[in-house]
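Asks: Sharing the feature lines straight out of TrEMBL:
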- 47-81: region 'Disordered' (REGION)
- 58-69: compositional bias 'Gly residues' (COMPBIAS)
- 70-81: compositional bias 'Low complexity' (COMPBIAS)
- 91-407: domain 'Peptidase A1' (DOMAIN)
- 109: active site (ACT_SITE)
- 289: active site (ACT_SITE)
């Protein structure tokens, strides 16, 4: 296959306009579900599912990549699904369906796996459309849809065209504003029980791999810091990485062996505040998660951070806040991952002040994006490197090789806040 063109799609970042207290509560609830080991969906789950299927003669499709941002809620889950769309930020892409293609604005979801349309713009079948007649039902953290399964041509970009992709065509949809549906790029196991009479349906990532379009089941994700409520500043790369989006080399680390982080996109890292070295976490296991908004650290580490920065808890938002003078003295956080040090600058540790109103904050006030995970260190999941971290670094979620990659970017040290 050709490696000349990067197999990627651009996407937009949208702030959800949710109050900070809701974001904090949602992030903490997600962390507790991860700690409980509910619905594991990292590389370990992928390889275990393949092992099970070999023993059960193909009881499902090949598993795709997952990044721990949520799950669908199949019937009988007893409320154990992990939130999908209740993060403080969402991402959308323009995706073509049919031939000639109709463009739909779809929410990119690395933590659910069904692709569907019809929440906004209605689906118009073309010559490539085929109704299977089967019903589709998916529940998310803050919404749901139901409808009929079709197979159709899905165009992510000119070099990412998928034939006979399963899509849901919604007859009803709740909780989705300003989008037409979802592009689900999580692991295939999350499609279980969503389509009647089908154990699972191949995801877009599965089919890209199966149809020879991408050489490996991996996804590279590029974010950038933003001071706008809606900015076209992201990119997903399927089966490859985009060297224009990062600087230096990508540091790859294997999935941690420490449970429960090992069941997700778990890595080992040490965390230090300031170059002089106030150690917050040492050799700790945690996860990299695109669906968590904040940077969460274990309670004892959070308390050390709070003391070192002089920050105080703002009761209105549930976030730590600093005075201007304290912000001038705020030191960097240093993440040691796989022997490489990644610096999260003072600027990167605060919510963009231009966007305070989107989280119910006061104009000009300085809010920190580091928050309390809600449990003590040593639990097997001591941190979640969420969106606030990933905005400053390039990330790779490599299912095939059971590893996570992190690299610096041209905006790692950007001053935007």
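Backbone N, Cα and C define each Cβ position, glycine as well.
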Asks: Please report the number of other Cβ atoms within 10 Å of the Cβ of residue 289 (active site).
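Replies: Residue 289 (active site): 30 neighbouring Cβ atoms within 10 Å.
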Asks: For residue 109 (active site) and residue 289 (active site), what Cα-Cα distance in Å is obtained after rounding to a whole number?
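Replies: Per the Cα atoms, residue 109 (active site) and residue 289 (active site) stand 12 Å apart.
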Asks: Using all protein chains in view, find how many other C-beta atoms are within 10 Å of the C-beta of residue 109 (active site).
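Replies: I get 26 for this one.
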